[in-house]
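Feature annotations, courtesy of TrEMBL:
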type	residues	note
TRANSMEM	6-23	transmembrane segment
DOMAIN	27-210	domain 'CAAX prenyl protease 1 N-terminal'
TRANSMEM	155-175	transmembrane segment
TRANSMEM	181-203	transmembrane segment
DOMAIN	214-418	domain 'Peptidase M48'
ACT_SITE	Glu285	active site
TRANSMEM	294-312	transmembrane segment
TRANSMEM	332-357	transmembrane segment
ACT_SITE	Asp366	active site, proton donor
Amino acid sequence: MALPYLEAVLCFMILMYIFETYLDIRQHRALKLPTLPKPLVGVISDEKFKRSRDYSLDKSYFHFVHEAVTILMDTAILYYKVLPWFWKRSGELVTKVGLNAENEIIHTLAFLAGAMVWSQITDLPFSLYSTFVIEARHGFNKQTIWLFIRDMVKGILLSMILGPPIVAAIIYIVQIGGPYLAIYLWGFMFVLALLMMTIYPIVIAPLFNKFTPLPEGVLREKIEKLAASLKFPLKKLFVVDGSTRSSHSNAYMYGFFKNKRIVLYDTLIQQCSNEDEIVSVIAHELGHWKLNHTAYSFIAVQLLMFLQFGGYTLVRNSKDLFESFGFEDQPIIIGLIIFQHTIIPLQHLLSFCLNLVSRAFEFQADAFAKNLGYAPQLRAALVKLQEENLSAMNTDPWYSAYHYSHPPLVERLQALDDPDSKKED
C-alpha cells in the first residue's frame, strides 16, 4: 500500500497556512493600534504615524487576500493532480511541434515554459494592484504602466535565456550523478551562485536601473575615508535611480575580495537630511562586512542546500512518492518539485532560525557603527528611513520574531541608546 505522501503534504501546507494566518491576524491587530509605541512618542510625528498605519493596514488586507488565493490554488493543483496532467500535455505539445518528448530536457523545458506562463497570468493581477493601487495610493509608486510592462518582458526574456542551460545542466547532473549526486548538485549550484553574484550587478541589474558614479563632494569623501579607515577595498561608489520605480530607499554593497562596490539609492540621499546620516548607514553595512556576516550567511545557505540535495538523493527514486502525486514515471524536475513540498515544515523552521541569526547580525552591525561614533547619526537615519518608507510602527512580537529579518525600530533604538546592550562580538 502506497504511503499517503500527498495527503501529508496537503496537511502540512494547510497547517502552515493556518499558523501563519494566525500570526498575520496578530500583526493586523497591532497595526490597528491608534497610538505609537511609547519609545517612539515624540520621535515619530503623528502625521507620519497615521500615514504609516494606513499604508501598513492596506498591505495587510491585501496580504490576507493574496495568501488565501495562493493556498487555494496550490491545494487545488496538488489535490486534483494538475501537475501530472500538465506534464502529459506538455509532452504532447513537444511531439506536435516535431520534437522528441522522450528527451527529458526538452520535455522539462516545455513543462516549465507552461508553468511560467501560468505563474505570470496568476501573479499579474496582484502585482498590478500592489504597484498601481496600494503603492500609488501612498505615494511610493513612480512607475508608468509601460515601465512595468517593460520590466516584466525583460524578466521573461532573462528567464528564457538563463533558464534552459541551468535546467539542462541540473537534469544531466542527476542523470549521471550516481552515489555522488548530492556533491555534484551542490558544486554546480555553488558555482552558479558565485557566477550570478558576479554578473547580476554588472550585467543584469543595469538592464533595469541606471547606475552612475557618486559625484565628487563631501558625501563621497566621507564614505571613502570611512572605507579606507576600515581597510574596505572600495573600488566604485554608485548611485542607482531607484526613484524611477519607487520612493522606497536602500543601500547595499557587493563584490569579491579586493573589488568591492557600494550602491546608494538616490532616494536614500534625498531622504537623509545630512551626509553623516548617510555615512552612518554605510558604517552599518560595512559592519556586516567587517564582522563577516555575509560570509557566514553564504556558508549557512550552502550547507543547507547541500543537506537538501542529500535528502533529495534519498527519495528521488521512490516510486510510491511519485505515484502519490499522480505520476506514472519519475521526471527529474518533478522529483525536485515534490521534494520541496515534502520538506515544507523543515523549510519554515530553517527560515525562522535564519531570521534569528539575521536579527542578531543587524544588532551587531548597529553596534559596530555605534563604536565608530555614529550612534546619533544612525539613530536619526533609522527614524528618518522608518518615516519615509512608512514602515510599521507597531509590531506584534510573535509576528516579528517569525517573519522579520531585521529587528523592529523600537528594539534597534533601545540597543543604540543602551551602552551595555547588543554589543558587537
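Just so it is clear, glycine is given a Cβ too, placed from its N, Cα and C backbone atoms.
No curator has checked TrEMBL annotations; they are predicted automatically.
Same-chain neighbours of the transmembrane segment (332-357): 5, 8-9, 12-13, 16, 78, 83, 87, 104, 108, 111-112, 167, 170-171, 174-175, 296-297, 300, 304, 308, 311-312, 315-316, 321-322, 325, 401-405, counting only residues six or more beyond its ends whose CB sits under 8 Å from a CB of the stretch. Mean pLDDT, taken over the domain 'CAAX prenyl protease 1 N-terminal' (27-210), works out to 93 on the 0 to 100 scale.
Within the set of active-site residues (Glu285, Asp366), the lowest number of other Cβ atoms found within 10 Å of a Cβ is recorded at Glu285. If you measure from the Cα atom of the residue listed as 'active site' to that of Asp366 (active site, proton donor), you get 9 Å.
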